[in-house]
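K.L.:
Before anything else, here's the structure in question.
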Amino acid sequence: MRRSLAPSQRGPMRPESRHSFTPPLLKKNKRSCQQELEREQELDRKRQSALRDASNTMDLPLPIRFTANSEYERAIAKVLARKFKVPMDNYVPDYGGKRVLGVRRCISRRPLHDPVACNALVLFNPPAYTEHERMGMDPTKVLVHVVVDPLLSNILRPHQREGVRFMYECVEGKRGNFNGCIMADEMGLGKTLQCVTLVWTLLRQGPECKPTINKAIVVSPSSLVKNWEKEFTKWLQGRLLCLPMEGGTKENTIRALEQFSMTSSRLGTPVLLISYETFRIYAEILCKYEVGMVICDEGHRLKNSDNLTYQALMGLKTKRRVLLSGTPIQNDLTEYYSLVNFVNPEMLGTAAVFKRNFESAILRGQNTDSTEGERQRAIEKTQELIGLVDQCIIRRTNQILTKYLPVKFEMVICAKLTSIQLELYTNFLKSDQVRRSLADCNEKASLTALADITTLKKICSHPDLIYEKITAREKGFENSQNVLPSNYNTKDLNPELSGKFMLLDFMLAAIRADGNDKVVLISNYTQTLDLFEQLARKRKYGFVRLDGTMSIKKRSKVVDRFNDPESDSFLFMLSSKAGGCGLNLIGANRLFMFDPDWNPANDEQAMARVWRDGQKKPCYIYRMVASGSIEEKILQRQTHKKSLSSTIIDNNESAEKHFTRDDLKDLFTFDADILSDTHEKLKCKRCVQNVQVKPPPDNTDCTSHLSQWYHCSNNRGLPDNILAQAWTDCKCVSFVFHHRSQAQEIVAIAEEAASEQPEEKPDRRKRPSTPPSDDSADEDFLGF
């Protein structure tokens, strides 16, 4: 209803005056309050006057009345009339008159999460203050606890809690005058989860009661960018949004990176996930502005300080650097320096200073002709170097996983060459091609020897891999065409032409018929993967394949599909060069490493794909080598490097180039009648005529040296019935080394997995106790 504007319907008009208008009722109330205040002030003056005048006693409304006119009573009255004073320095009372509506009051600081809660992980403890000291402090400068979000701390295992605390102390400079660290845990220990915890904690809180960083960058191989996004989503349950840079046009990428770099606070996606290649291309944008922290996954890519990726990352404006690498850090001093210098520049000085102080002395002591004094100095310098870098490096082995994962059986299988393989192998060794490689020592001859070694490895796998060389009558195969059958056809794979393929075919058939286990097949060559594919089609096995030709987006879908229990994929064919790092293939519990790599770290990365968090079944790892061949020589060199912690060979540099003439002569020797060249060179004292008479020591497992594994020249005592049956059926196995991950198997069936406290069943194949071993084990370490 519309109000009338008639004078009778309107309120009193505001008088024409410069004074503000006050309604009559408010005028009356205001006047009464003023009179009351004046009366109170007058009474207060009279009370004070009465107390000062001792001879005057007035009948006033005093707070405390007294009748006796004595000094004592007057003193008491004076004390009781005194106003209360708060016993705090610089205390200013506030009776409400100084408060202003809308101004935020100063409140006491509190940690984001309860530091005394059950299972709390406290990364920073503030100094302990007394209550009196705290009252005298500026409340805006009081430090608080830094406590990991219970969402994460409740699922972290003890070694992961230790790792998170170590990384936090390093990046915050609590362990020394540096802000970087290297997380060198072996595969499967949860490096990703530990980093997710660190990033989330730094983005959310700090001792100053505010976030420590406002954004972070995670750099990884392109195949793992999507995996990092999944890990953040999985563990934080969508509480943190990431910015994955994969695919997209150049314009969109530049726009997204510029927005990420320029925004300093309240960023919707505070974590950038980017590949090494993309970072190198757009380094100019990312290096313009500061960033809170950078994490480099698979950090062994940065062991060459001269490459462009290393230099681009060094230009990033951040002091907090974390490097992740499951590859064992061995004493290749140049790459060792590069890794440490990346996370903590100048910790070891310049490259020239490092070489003068450490590298020269250590390498001189490793020479075979070094003096006793040089060897002693090398030991001293090595210990000094370890003492420095141990401040920023943490490394735990996957022995920790034995508490949480099912048992793992690892087997090295020596398979016999077939008659065709044997003839091709010996003919090539006797050819003029190999003789010339052994006669020359120049660089050109070394490259030729490298090609010859690759040819021998292909003969060990299957004759199909060298069929083109045979038909073209290349050097070394001039007279080999008559070795192959007349009906030889490469389009129809014949497993009987290769000892390893025949064994693989038997074992896959037994696994398929025996249960619902899935299998991972790994090779260093895509040509071998082609043969795997032919075998799978021939036997009608469902399979998926991952190699360097597969796009990054498709890789994630392929892995997820294979891990799905409802999937019909039986085989996962994997190129170790394309996907040996970071993949989680827990859908399978059996893995075949079909051919060995010169670098033991590459094989270990590839073989760690199935024995990981989430695995519920016992795992079986099969490493296949051809008996007495070049593959056994490679295996021996792997073991030698691991046991003696010798120099690891750069991934981009062929190991064969470093061989001397004597080394090459050993590589090109072959004994067709030997069961295992590796076992012969061990000079094992636990075996008599290749039959084991004394078991390994009780405290050994599959991480121990091969000399401390079980040695089998027949199928008795094998931990795997599938292998034992295949040994009998195909008659192509000559020797087996095997061991397990732990002394007691953890059986994880569906019913136990569903329960909160699964019951552990004793291992039926438990090894009998043996007396302590003699000193021969130490001598065996020098067998290669």
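Using the three backbone atoms N, Cα and C, a Cβ is placed for every residue, glycine included.
The feature ATP binding site is assigned by Swiss-Prot to Asp185, Glu186, Met187, Gly188, Leu189, Gly190, Lys191, Thr192, with sequence analysis given as support. Per Swiss-Prot, the feature phosphoserine maps to Ser20; the stated evidence is similarity to another entry. As annotated by Swiss-Prot, region 'Disordered' applies to 1-54, 751-784. The motif 'DEGH box' annotation in Swiss-Prot covers 297-300.
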K.L.:
Which residues, sitting 6 or more apart from Leu189 (ATP binding site) on the same chain, put a CB under 8 Å from its CB?
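P.N.:
The list for Leu189 (ATP binding site) reads His159, Gln160, Gly163, Arg396, Asn398, Ile400, Leu401, given in order along the sequence.
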K.L.:
Quick one: DSSP breakdown of the motif 'DEGH box' (297-300) into helix, strand and coil?
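P.N.:
Breakdown, helix to coil: 2 helix, 0 strand, 2 coil.
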K.L.:
Below 8 Å Cβ to Cβ and six or more residues apart, same chain only. Which residues does that give for Asp185 (ATP binding site)?
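P.N.:
Residues satisfying the criterion: His159, Gly163, Lys191, Gly326, Ile394, Arg395, Arg396.
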K.L.:
Compile a sequence-ordered list of residues in the same chain as Gly188 (ATP binding site), six or more apart from it, whose Cβ lies below 8 A from its Cβ; state 'none' when nothing qualifies.
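P.N.:
Non-local contacts for Gly188 (ATP binding site): Asn398, Leu401, Leu405, Ala608, Trp611, Arg612, Asp613.
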K.L.:
What is the set of residues, excluding Asp185, Glu186, Met187, Gly188, Leu189, Gly190, Lys191, Thr192, whose C-beta falls within 8 angstroms of the centroid of the C-beta atoms at the ATP site?
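P.N.:
Apart from Asp185, Glu186, Met187, Gly188, Leu189, Gly190, Lys191, Thr192, the close residues are Gly326, Asn398.
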K.L.:
Just to be sure I understand the packing, how many Cβ atoms besides its own are within 10 Å of the Cβ of Glu186 (ATP binding site)?
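P.N.:
So the Cβ neighbour count for Glu186 (ATP binding site) comes to 21.
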K.L.:
Could you list the residues of the same chain, at least six apart in sequence, whose Cβ is under 8 A from the Cβ of Met187 (ATP binding site)?
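P.N.:
Set apart from Met187 (ATP binding site) by at least 6 residues yet with Cβ under 8 Å, we have Gly326, Asn398, Glu604, Gln605, Ala608, Arg612.
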K.L.:
Which whole-number mean pLDDT does the model give the motif 'DEGH box' (297-300)?
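P.N.:
The predicted confidence over the motif 'DEGH box' (297-300), as a mean pLDDT, is 88.
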K.L.:
Where does Gly188 (ATP binding site) sit by DSSP, helix, strand or coil?
P.N.:
coil
K.L.:
CB neighbours of Thr192 (ATP binding site) within 10 A?
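P.N.:
Its Cβ shell of radius 10 Å holds 23 other Cβ atoms.
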K.L.:
With an 8 Å cut-off on Cβ-Cβ distance and a minimum sequence separation of at least 6, pull the same-chain contacts of Gly190 (ATP binding site), or say none.
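P.N.:
Expected: Arg157, Gln160, Gly163, Asp613.
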